[in-house]
Amino acid sequence: MIYKIQATSQGHFTRVQHYLLYSARQKPHGEFNKARWLYFGCSQLLVHTVRMPDSTYGRSDSYRVATTQDKADRSPKKKKGGTKDMDDLKKEVPITEHKMSIEEVCRKFNTDIVQGLTNAKAAEYLIRDGPNALTPPPTTPEWVKFCRQLFGGFSILLWTGAILCFLAYAIQAATEDEPAGDNLYLGIVLTAVVVITGCFSYFQEAKSSKIMESFKNMVPQQALVIREGEKVTINAEEVVGGDLIEVKGGDRIPADIRVVSAHGCKVDNSSLTGESEPQSRSPDCTHDNPLETRNVAFFSTNCVEGTARGIVICTGDRTVMGRIATLTSGLETGKTPIAKEIEHFIHIITGVAVFLGVTFFILAIILGYSWLEAVIFLIGIIVANVPEGLLATVTVCLTLTAKRMAKKNCLVKNLEAVETLGSTSTICSDKTGTLTQNRMTVAHMWFDNQIHEADTTEDQSGASFDKSSVTWLSLARVAGLCNRAQFKAGQDSLPILKRDVAGDASESALLKCIELSCGSVRAMRDRNKKVAEIPFNSTNKYQLSVHETEDPNDNRYLLVMKGAPERILDRCTTILVQGKEQPMDEELKEAFQNAYMELGGLGERVLGFCHVLLPEDQYPKGFAFDTEDVNFQTDNLCFVGLMSMIDPPRAAVPDAVIMVTGDHPITAKAIAKGVGIISEGNETVEDIAARLNIPVSQVNPRDAKACVVHGTDLKDLSQDQMDDILRNHTEIVFARTSPQQKLIIVEGCQRLGAIVAVTGDGVNDSPALKKADIGVAMGISGSDVSKQAADMILLDDNFASIVTGVEEGRLIFDNLKKSIAYTLTSNIPEITPFLFFIIVNIPLPLGTITILCIDLGTDMVPAISLAYETAESDIMKRQPRNPARDKLVNERLISIAYGQIGMIQALGGFFAYFVILAENGFLPSRLVGIRLNWDDRSTNDLEDSYGQQWTYEQRKIVEFTCHTAFFVSIVVVQWADVIICKTRRNSVFQQGMRNKILIFGLFEETALAAFLSYCPGMDVALRMYPLKPSWWFCAFPYSFLIFVYDEIRKLLLRRNPGGWVERETYY
Amino acid sequence: MSSSPQEQNREQKEEQKEEQKEDVKEEEVKKDMKPEDNQNQNEERKAEKWEENKKEEPKESWKDCIYNPRTGEFMGRTASSWGLILLFYLVFYGFLAGMFCLTMWVMLQTLDDNVPRYQDRVANPGLVIRPHAAEISFNRSDPTNYNQYIQNLHNLLQRYNDSIQERNDLCMVGEYTEQDNEPIKKVCQFKRSMLRQCSGLRDSSFGFAEGKPCIIIKMNRVIGLKPQGDPYINCTAKGDSPLRMQYYPSEARLDKMFFPYYGNKAHADYVQPLVAVQLLLSREDLNVEQTVECKLEGTNLRNDDDRDKFMGRVVFRVKVSE
C-alpha cells in the first residue's frame, strides 16, 4: 500500500493499532472476487497524461521531483554482463510440479509414493544435487572489509593529499640540498590519520557484525523421510529431490515439497509470502501460481498443525526460499545517501582546492618563482585544503549516533546507514504501526447536535463545552460503563495520559478521556454494577452491557451500547438533546449523518453511543440477562452521541509510506481503509466506478487518489506504467506481492528519486531489504536471511524504534553539517598564511605542525561535541530532505565557512602574527619581501625595523612563536565558531549552552593549546614556544566579531524567511 | 460480498449520501469535469516539458554551466544575483579590512619608536663574518677568484672610512657610552685604519693575494646591549696543526665604549666595532681546508647554544689554493 501522510491536512490520519485488531478479525479469504482487483486500470492510466511532478503540488510530491524517464523496458533489467542469473531469479518461481499429478511427480523423481526413494538413489541424488542447504552468501574476507574502510569515501581525499605530500617531498629532495621535512611529515600524518580512522571504523563495524553472528541459529534441522519404506530421521541437509517426507505440526519444512496427502495440515507461510494467516495444505492443485496453490509446502516455512506427506521437489538453493536468498545476496546495493553526500562534499572541496592551487600556481609563476617551486606551492595549497580531522570527526559522530541508537535497540550494521533513515522519503512496510504514535486519543465528540473538541489536557484547562450538560454526563456514563479497558494497577501517581491501560486501543482512549473529564471510571463502574455484557464482535458491530443504576431506589437496569454509528442509530428511536429525550426525526438523522461524515472525513474512527433504562415491569430486579440468546431489548434505544478517536501519525514519518503486503487485496484494502491508509473520501478507480455505476474503463484514473495493485499485475506493468502509479496516486496498496515484486516496487521508487526504507522480517522481504537504501529487519522474529540483508536491525522488534532512527538520522545530518561548517572554517586561517607567504614574501605565519595541531588536536573535541547538539526545531515536523537539493555541504556552507567566518579568523591570526613580530622589532612594513633573507640560513645578521640584527635561529624562534600565536588565535576564534555553529537558524541565546560536551570541548581545546605552548620541551618537540599572556588576547576582538556577525546574520535570517540572507547563507 | 466493517460503513454511507443528496452527484460530475480541464493543461504542460527536455538535454552541457542563455545565468547566477553577492562581499571585506587596519593601528600606537617591546630573543647577539660566505675558497694567484670577497669587505668598511669616522666622537676606552637621556646620541669612532693590515687601505686585497686572507668578525647590533666584562674575539683552528692568526685591533677586543646601541632612529650613524683576523697560512696550509671557529669571550654573553650556531660564535672554512 502506498500511503502518503499530508501533515498539512488533518484528513489523512492513520488509525493504526487497529490494524492488528482488524487483520485478526479477517476470516481466511479464499474465494474473493479477484476480478475486481486484478484489473486495476493500468491500460487506462496511459490514456491520460501524467501530471508532471512539480514542487508546487506540495509536500507530498516533493520526493518525486527528481525523476528520470528511463524508457527501457523494465522486465529485462539492464545490467552488465553476467547478470542473466539475476534476471532469471527476479522472475517468478518456475515450479510446475503442483500442476502434475502425483504419479507424474513420482515418475519425474523416480520415487515411490509408498516406499520413497531407495537409499542408493538418494545417495546418487545427494551427490548430483549437493546437500539440501542454502549456500551461505559469499562472505567478504576481513581484509577486503578493512580495505573498504581504509580506501572508501572520505579516505580517498586524505590518501590523495598524502600522495601529493610525498610527491612534493620527492621533488624537494631531488632539487634542494636540505629539503624542509614539512611535506614528508604531513604525508606521514595524513597516512596515519587514514589508517587509524580506518581501523577505528573497521572495529566498530566488526563489533556490530559480532552481535549479528550471535543470531545465527546453530541447531541442525532434522527431517523425517521415508526411504525404502522405512521412516528414518535424517539431517535435513541430506534430504534430496524425490524423497518422501512427513511433516507434522511444529516442524519446519525441510525442502520444497509437493503434498501427496494431508490431514488438517496448515502451514505458516508468513516468512515467504507475508501472509499472516496459516494456510491449509492439501494434495489438490488450487492455483496456477505455485506460491498460491495448496499442494506445495515450502522450505523453511513452518507446519503449524496437522500432518502432511509430500515428495521433495526442490532442495537447497533451488527451493523458492533458496532462490530468494540467492537473489538477495546477488543484489548490488547503491551508495548510502551519506556516502553520496560525502562524495559531493569531496567534489566541492577538491574544486576549491584545485581552484586555489591553480590560481596561486599561476600567480607564483607570474611572480617569478621557478616551475618547481610553483609546483610545490600548488601541491602545498591543495593539501592544505584537505581537512585532516574531518574524517575522524565524521566517523566518531556517526559512531556516537550508532551507539545511541543501539541503546534504543536499533542495531546499525553499517555506520553510514545511521543517517539514511533520516532522509528516507518513502517507507515500504507492511507494519502500519510504524507510522503512528500508537496512542489513540479521543479527538471529537458530537452531542446536543454539536461537534465538540475533546479536551485532552491533563488539567482540563482546554474545555470547550459545558461539562454539566446532561447529555454529556450520559455520554460519559455510556463511554465509561460500556468499556472493558482498565488502568493497570499501581499507576495512581502517574498523569492519566501516561498510564498504561489493559484493553483495546479505542477503549483505552475512551477510558482516559472519561477519567480525565469525569473523574474515576472505576468508581463509576462500582456505582453501576455490571450485570450482563455482550463484547464487540464483527457481526453485531456493537458492544453492550447492562448495569444497575446509581440510585439504589431505582430498580431499573441501565443498558448501554456503543458501536458503529450507523448500526447504533438503527437501533435508536429517540435521541438525547439538551438532556431531553426526543424522537429521532429526519432532521436529527441528517444532523447525525452530517456529524458522522464530518468526523469520518477527518480520518477519525467514530463510535456511536446509546443507552436505555429498561422498564422495571419487563426486567425486574434479578432478571436473568442471557447474552448468548439475547432475551432483552436491544432496539428502541436512546441515542446519546458520537465520539471520534485518532491515532495521531508520528510527525516524523516520511513523505510517502508504501505499504506492501502479502495479504489478499480485499483484506489489504479493508485494512488500509480501516487504519486510514486509504483515507476517508479517497477512492480507488473501482470505488468510483461502483459509485457512479459506470464501467471501470470509463473512470478517469486521475480522480482516484488511492489504488490497490495486485502483485501479479506488477509483472505486466511497464516501467512507465509503474512510475505512473507511484507518481499519481497518493495512497497505493500493493497486495499479494512476491519477493520479486517487492524488489520491483523498491526499484520503482528509487527510480523516482526517493530514498527508500524497507521494513520486513520474512525471507520474502530480504531482496527488497537489500535493495532498499536502508533495510530494517527484526531482531527477534526476523529470519537470518532478512537480517543478513538489512542495514539496521530492531533488536526488540519494536517498530517505533524506526522513529528513533528517523530522528537520530535527521539530527546527525544537521549536526554533521554543523561539524563540517566548524571544521572547514579553520581551513581558511590555515591556508591564507601560506598564500601570503608566497605572494607578499612574509615569514610563514603558520606552519604545518601547528596546522596539524589544530586539525587533529584542538578542533577535534569541539567538532565532535556538535554531534551532541540538540535539534533546533522540531526536526520530526520537517519534510524529509530532498537529496537533490538539501546537500550536506552546499555552496552556502562553503561561502559562510570559507568566505566569511574563515576570513575573520584569518585576520585574527594575522593580527596576532603581526603583533608578535612588531613587538619583537619587525614592523609589518619591514616584513613584506623579507622572506628570502629570512629563510636564508647563512644570513645571520638580518636587520629588523629598529636596526637590531638577528641570527637565523633567533628569528626562527620568533617565527615559531608566531606560529604558536597564530595557532592560539585560531583556537580563540574557534571558540566563537563552535558557539555559532551550534545553531543554523536560532540564536545561541535561544538554543542555550546545555551541551556539556561542547563546554568541555571549549575548555579542552584551550587547555591543549596552553599545554602545547607552555609545556617545557615543546620547543624541541613541536617547535612551539611559550606566548606572552597578552598575545592570547590578540584574536579576542575577532572572536567577538564572529559571534556578533553571525548572530546578526541569524537574526536577519529569522526575520526574513526566504529572504536574501537565507538564500545566500542558510546552509 | 464479504468485506470489513469499515468498508460496509462506507458503502452504507455512500448509499445514504446518494439517496439523500442527489445534488452531490451533480457536484461529483462537475468535479469529474474539472480535472479533465486540469488534465488538459497538465497534458500541455507535460508535453511542453517533454519537448523542453528533449530539446535541452543535448544542449544542457557544461557550456550552460558557464552561461545559460535561457535564464541569463552566468555560472549559475543571474547578473543581479552576482551583483548582489559581489557587493556584499565587497562591503564585507571592506569592513574587515577596516577593522584589521584599525586593530593594527592601535597596536602600532602602543609601540616605542626606539626600543622594541621585547628583546628576549636577541639577548645574546650573534657573530657574523665578512666576507659573507660559510666557505671561503679561492686561488690566491687569480684575482678574479677572490674579487667578490674583497669587494664584500670594501663595502662593509665603507662606513668605517677615516674620513667619515673623524666626524664621530672619541669615547672613553673601556667604558659604556651611556646616553639614555640625551636627545641626540653621539656615535663613537671606529676608524678603518685601526684594522691595519686588514683595513684594505694599504693592501686592498686584504691579504687574499698573499694567501693570508683577512676575515672581519662583527657582533650583531642589539639595542641596549651592554656586555659585561671585557669582550674579545678568540678564534681557533679546528685542525691538528695550530694556525697562526693575527687580530686587529690587537687583542681582538670589542671595546665597551661602543655599547649600548640606541637603535637606528636615534643612533643612525652608529657603527659597531669590528675585529679582523688574518689567517697567517703557511705554505703547508695551502690547498687544505681550514676550519676556524671564532667565539665571543670574556663576557656574560652566551656562545655555546646547542641550536644556534651563530650565537656568540661563528664557524667558517677557508681553503686557499695556489
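Placed from the backbone N, Cα and C atoms, the Cβ positions cover glycine too.
According to TrEMBL, the feature compositional bias 'Polar residues' maps to A:269-283.
Summarising the annotation, TrEMBL assigns domain 'Cation-transporting P-type ATPase N-terminal' to A:96-170.
Feature annotation from TrEMBL assigns region 'Disordered' to A:61-86 (among others).
The region 'Disordered' annotation in TrEMBL covers A:269-288 (among others). Taking Cβ pairs closer than 8 Å, the region 'Disordered' (A:269-288) reaches residues 23, 26, 28, 98-99, 102, 259-262, 294-295, 297-298, 300-301, 304-306, 308, 320-321, 324, 430, 661-663, 737-738, 761-765, 783 in its own chain, all 6 or more past its ends.
Here TrEMBL flags A:150-172 (among others) as transmembrane segment. Sequence-distant contacts of the transmembrane segment (A:150-172), counting only residues of its own chain at least 6 positions beyond either end whose CB sits under 8 Å from a CB of the stretch, comprise 179-181, 183-184, 186-188, 190-191, 193-195, 197-198, 202, 339, 342-343, 346, 349-350, 372, 375-376, 379-380, 382-383, 386, 388, 390-391, 394, 416.
The transmembrane segment annotation in TrEMBL covers A:184-203 (among others).
Below 8 angstroms of C-beta separation, residues 153-154, 156-157, 375, 377-379, 381-382, 384-387, 820, 831, 835, 838-839, 887-889, 891, 894, 898 of the same chain, each at least six residues beyond the ends of the transmembrane segment (A:345-369), sit close to that stretch. Annotation source TrEMBL lists transmembrane segment at A:345-369 (among others).
For A:375-398 (among others), the entry in TrEMBL reads transmembrane segment.
Counting same-chain residues at least six beyond the ends of the transmembrane segment (A:893-916), those with a Cβ under 8 angstroms from any Cβ of the stretch are 348, 352, 817, 820-821, 824-829, 832-833, 836, 845-846, 924, 927, 958, 961-962, 965-966, 968-970, 972-974, 977, 980, 1031, 1034-1035, 1037-1039, 1041-1042, 1045-1046, 1064-1065, 1067. Sequence annotations record features per position, and here TrEMBL assigns transmembrane segment to A:893-916 (among others).
For A:957-976 (among others), the entry in TrEMBL reads transmembrane segment.
As annotated by TrEMBL, transmembrane segment applies to A:997-1014 (among others).
Sequence-distant neighbours of the transmembrane segment (A:1029-1045) (same chain, 6+ residues past either end, Cβ-Cβ under 8 Å): 900-901, 904-905, 907-909, 911-912, 915-916, 965, 968-970, 972-973, 975-977, 979-980, 988. The feature transmembrane segment is assigned by TrEMBL to A:1029-1045 (among others).
Sequence-distant contacts of the transmembrane segment (A:957-976) (same chain, six or more residues past either end, CB-CB distance under 8 Å): 822, 825-826, 829-830, 833, 843-847, 849-850, 853-854, 858-859, 862, 904-905, 908-913, 915-917, 920, 922, 934, 950, 1002, 1005-1006, 1009, 1012-1013, 1019, 1023-1027, 1031-1032, 1034-1036, 1038-1040, 1042-1043, 1046. Mean pLDDT of the predicted structure over the domain 'Cation-transporting P-type ATPase N-terminal' (A:96-170): 85.
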